[in-house]
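Asks: Pasting a structure here, questions to come.
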Ligand SMILES: Nc1ncnc2c1ncn2[C@@H]1O[C@H](COP(=O)(O)OP(=O)(O)OP(=O)(O)O)[C@@H](O)[C@H]1O
């Protein structure tokens, strides 16, 4: 073990121990049971010695009976302590593991949106499942096993020294040799484990990407499924290969340790026979039994150092997430029983600029905009001009790099006032009902049905035998893109957010459905402030406000009535839309 590893293990040890602080009393009790049951463990052979050396040769029945009863009582007491110890160890250790898991989840959940944009869900899953799984045993059993094993080594070593120091010296010398040899194997095992863990993460990432619906579709339509399969195969085969090498390494170490321990009984018997020092038969048997008992804690201690070192890579990956920062302030949870009264509030942006952390240039620059309470604003502009980024900023999902975003008419923050409906709404693998209730947990059956009917989803829902309780499948993939978008809009209709940002929410709808949805959106507006990011430009009214973004700047800003008759970007957009529609024989 090198210096940096030692420092790393110490620092990790301190962090992990702090997590046991909440379970101090239980932890101390569990360690006490370990010491007591270990102490009891070595008294068995001492009873045996009296039986062999005194009770049997002297035919002393009473002594024999007491010694046998003593052995039995020790066995029963040991089992009781073992049960208690195992209950305590598991509940404390798994409590600490649970705490780590929740910390990772909470930290990732509160990271800024930009963190999630640059990461696959599979990566977070790997940390929660594979890495936490990898440290679970180390956290649960290390302290107890280490203490138990050390107590056994000390007590057995002392007993052997008292019984016969030459045999004890041989056993201790052998132990030191084994420790040195084991270090060598453990280091090689650790390197193989780190490599295997990297391949496991890669394999889980590939599985998440390739075996999700988009991945399967890509594999089939681009006909690259064989390449996908090859990459998976290579990753899986590397894991198998590394694991075989790692296990062979462990088995070699165990075999050498086993052979070394097997050599001791003949030595003891040779000594007992007068080869070096003469021992009674009982002492010789007890020494052999104790030596066999010594093998187990020594192997446990050697195994512990290996598993602690192997778990370092897992610990690193877990604490890397727990130490992530800075986090975004999460909005206060919604009151489940509101939903009827929507207050009128507006949003004001002053000199707002934003640059993504990984980007070399600002996506938005010096944006001055007013979204008055109850108004409807359409945001248009070429692709990549910053429309969605503006939507994220208004919804408080991104913090502006410069400038301010304020809610007028209320003390709340944008993140507590604004609901963003993205183009691909987050539909969960749950029923229609559960997906809708996320927006208003207290909504009645009648309210849910009314919303579905307004968005022309009622026929779809009724076509399933289980109606509202039908599961919509992983990410809503049992629904069409347009149905998913309408389900997202249904949530917006149910929510009590006074400001709603709709980001391309009708892009997957045909014109006829888009009109139905448009009518529902008219009702959604009410006295809500609505910001609509749209390429489609359907159903825009003269009084609606229009903001044209170009290269991160506000290029035009006025009402639809004003801008449509003024030569400029917006009137050009309307002209292009009308030409497209007349070619397709449709009217906006
Ligand atoms: N997470 C991110 N990290 C770095 N750059 C990003 C990120 N998200 C978006 N961008 C960049 O910011 C710019 C604006 O993106 P945005 O999605 O806001 O544009 P948009 O106008 O909504 O485009 P579209 O009409 O295609 O949806 C683009 O150049 C995009 O590449």
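The backbone N, Cα and C atoms fix where each Cβ goes, and this holds for glycine too.
Okay, so TrEMBL annotates it like this:
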type: DOMAIN; residues: 28-310; note: domain 'ABC transmembrane type-1'
type: DOMAIN; residues: 347-576; note: domain 'ABC transporter'
type: TRANSMEM; residues: 21-43; note: transmembrane segment
type: TRANSMEM; residues: 63-84; note: transmembrane segment
type: TRANSMEM; residues: 160-181; note: transmembrane segment
type: TRANSMEM; residues: 267-290; note: transmembrane segment
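How about a rundown of where these features are and what they're close to?
Replies: Residues 70, 74, 77-78, 81-82, 84-85, 88-89, 91-92, 95-96, 143-144, 147-148, 151-152, 155-156, 159, 290, 293 of the same chain sit 6 or more residues outside the transmembrane segment (21-43) yet have a Cβ under 8 Å from a Cβ within it.
Within the same chain, residues 153, 253, 256-257, 260-261, 263-264, 267-268, 271, 276-277, 279, 283, 286-287, 290-291, 294, 298, 302 sit at least 6 positions outside the transmembrane segment (160-181) and bring their C-beta atoms closer than 8 Å to a C-beta of that stretch.
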Asks: Checking distant contacts: for the transmembrane segment (63-84), what same-chain residues at least six beyond its ends satisfy Cβ-Cβ under 8 A?
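Replies: Sequence-remote neighbours of the transmembrane segment (63-84) are 33, 36-37, 40-41, 43-44, 47-48, 50-51, 54-56.
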